[in-house]
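Q: So TrEMBL lists these for the protein:
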- Y154: active site, proton donor (ACT_SITE)
- K225: active site, proton acceptor (ACT_SITE)
- R207, N462, N506: (S)-malate binding site (BINDING)
- E297, D298, D321: divalent metal cation binding site (BINDING)
- 131-312: domain 'Malic enzyme N-terminal' (DOMAIN)
- 322-575: domain 'Malic enzyme NAD-binding' (DOMAIN)
Amino acid sequence: MESTLKALREGESVLDLSPRSTVSGGVEDVYGEDRATEDQLVTPWSFSVASGYTLLRDPQYNKGLAFTEKERDAHYLRGLLPPTVVSQQLQEKQLMNNIRQYQVPLQKYMAMMELQAGFSTHHDKITQHEIETNERLFYKLLVDNVEELLPIVYTPTVGEACQKYGSIFKRPQGLYISLKEKGKILEVLKNWPERSIQVIVVTDGERILGLGDLGCQGMGIPVGKLALYTALGGLRPSACLPITIDVGTNNENLLNDECYIGLRQKRATGQEYSELLSEFMAAVKQNYGEKVLVQFEDFANHNAFELLAKYGTSHLVFNDDIQGTASVVLAGVVAALKLIGGTLADHTFLFLGAGEAGTGIAELIALEMSKQTKKPIEETRKKIWLVDSKGLIVGSRQNSLQHFKKPWAHDHEPVGTLLEAVKVIKPTVLIGSSGVGKTFTKEVIEAVSSINEKPLVMALSNPTSQSECTAEEAYQWSEGRAIFASGSPFDPFEYKGKVYYSGQANNAYIFPGFGLGLVISGAIRVHDDMLLAASEALAKLVAEEDYKKGLIYPPFSNIRTISANIAANVAAKAYELGLATRLPRPENLVKYAESCMYTPTYRNYR
């Protein structure tokens, strides 16, 4: 006992290897890591807590003024905090009021990141105890205010944060693996303090949103994605690892910026790049096992498709730009059928953009159409047309096309522009994934509206400045007839006395629940049928009251219920395909998913 007290006084960790009260499939952490299945946990169960000043600087365990009188005595906090004890609810209310005072979204982002992990610089509108790092309060804010804060911690604000990452960088979040670490990646992974990792989100920063090559500063994307994995999907924060692979950048502005935090060299390509990624993937599997999910994020087209194909048969990998986007858009299209009529096979699709997102969406729509009609996918692809920077993708261009565009080269005369393509293809669904703003012009929207009573228009490119058109433009130019959804959020718009609500085809609907489904089933591979299962689950959750507003996605305020349902559907498919390793299968997968979700409420410390 004396040695324990001495360690506490000196701010050291105290390790207790005795399990606490058992719950379904695991044990309960006294610090609230919540319920988890057996291989989600460190075995034997362990936890640690520092004392005094060190505890107040530990984001995982700090509660600020919410520490009780007993906790202040037990953990040597007397005098380090003002005497008042407040609830987590009051902390949340105070902090949200302070965050709302900021007019600039990036300031709100920095305030949130400061709370999560001590990221930004000083904030004059937030009191000292409120800006101490406090992981649970961060997630509580995000869960309870998801519709308001999602655009702050992720798109569109995260794009600006990545652009300015060097100047606002304060404390590392995640692992940086550069060419300097070649041959030592396994050692680098072992430097990360957490051992039980379930999800890794990794980027090489080459194609951040619609902003291009941001190199090492792309770290904001994995950090943001994993915050959503926890807040929206219930994955434990300690089980999530953001990683940036730094192979250089071709962005001259960054190379000449004294605040740039990455390698100052042109991007490595070819064998050098391939060898680094190969070592990384092998090290991840060796260190964390076969069931760790590796999510590729914002890789350029030429690497994204190759990495997915190369490692899809040997690792549990997922590309959100290709597969997550496809799944969320398919869900929106399926839901929209209640408003525009017909079956999936009755519609003709025209895409602007034939990169990762465009071809990924197109393929999943064709796959679902094939599943419904029992026709070969080669046949259902013919209902889908793509336009790239050189015009309509047609058979005569076959020899000059990148491999992922070739399936979409249908027999047709060459067509040079999107407007011309609309006029000749006569699509009922127009989808933009070009990364280029203002490309759905007045003439394009008018043309597609002249063909359809209720055209489905999806302007998916992020951030807002890159959206193919705004909600206001879509509704005005279609005279209020368009069913509209976008990648970035738009406010409700009033037109001729009617208020129009636009849906957001945000990947955050899919990937948190999708990842949770993989984790709770112990899946070892991702299969296309799992993506279809996720889409079908999301589409079914659109309520009649949502349809009355013209929405084709359910409200984000229900996202945790949405994620649990998606997880259950994905897990069910994993069991059906024989890809699940967690046996026996839980009887009620929705309830099981909910029971495994991390909740960010405070726990009493013993």
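Backbone N, Cα and C atoms are what each Cβ position is placed from, and that goes for glycine too.
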Q: If one measures from the C-alpha of the residue listed as 'active site, proton acceptor' to the C-alpha of the residue listed as 'active site, proton donor', what distance in angstrom results, rounded to a whole number?
A: 7
Q: To the nearest Å, how far is the Cα of N462 ((S)-malate binding site) from the Cα of E297 (divalent metal cation binding site)?
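A: So the Cα of E297 (divalent metal cation binding site) lies 14 Å away from that of N462 ((S)-malate binding site).
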Q: Cβ-Cβ under 8 Å from R207 ((S)-malate binding site), same chain, 6 or more residues apart: which ones?
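A: Within the chain, R207 ((S)-malate binding site) has Cβ neighbours under 8 Å at D213, D298, F299, A300, N301, A304.
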Q: Do you know the mean pLDDT across the domain 'Malic enzyme N-terminal' (131-312)?
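A: Per the prediction, mean pLDDT sits at 93 for the domain 'Malic enzyme N-terminal' (131-312).
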Q: Report, as a single number, how many Cβ atoms besides its own are within 10 Å of the Cβ of D298 (divalent metal cation binding site).
A: 26
Q: Whole-number Å only: compute the distance from the Cα of N506 ((S)-malate binding site) to the Cα of E297 (divalent metal cation binding site).
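A: Their Cα atoms are separated by 15 Å.
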Q: Just checking a number: largest C-alpha distance across R207, N462, N506 for the (S)-malate site, rounded to a whole Å.
A: 18
Q: Round to a whole number and give the Cα-to-Cα distance in Å for the pair Y154 (active site, proton donor) and E297 (divalent metal cation binding site).
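A: It is 13 Å, counting Cα to Cα.
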Q: Would you mind checking how many other C-beta atoms are within 10 angstroms of the C-beta on N462 ((S)-malate binding site)?
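A: Excluding its own Cβ, N462 ((S)-malate binding site) sees 23 Cβ atoms within 10 Å.
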Q: For E297, D321, listed as binding-site residues, tell me which one has the smallest number of other Cβ atoms within 10 Å.
A: D321
Q: What are the other residues, in sequence order, whose C-beta lies within 8 angstroms of the center of the C-beta atoms of E297, D298, D321 at the divalent metal cation site?
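A: Once E297, D298, D321 are set aside, the remaining close residues are T203, R207, I208, I221, F296, F299, A304, N319, D320, E356.
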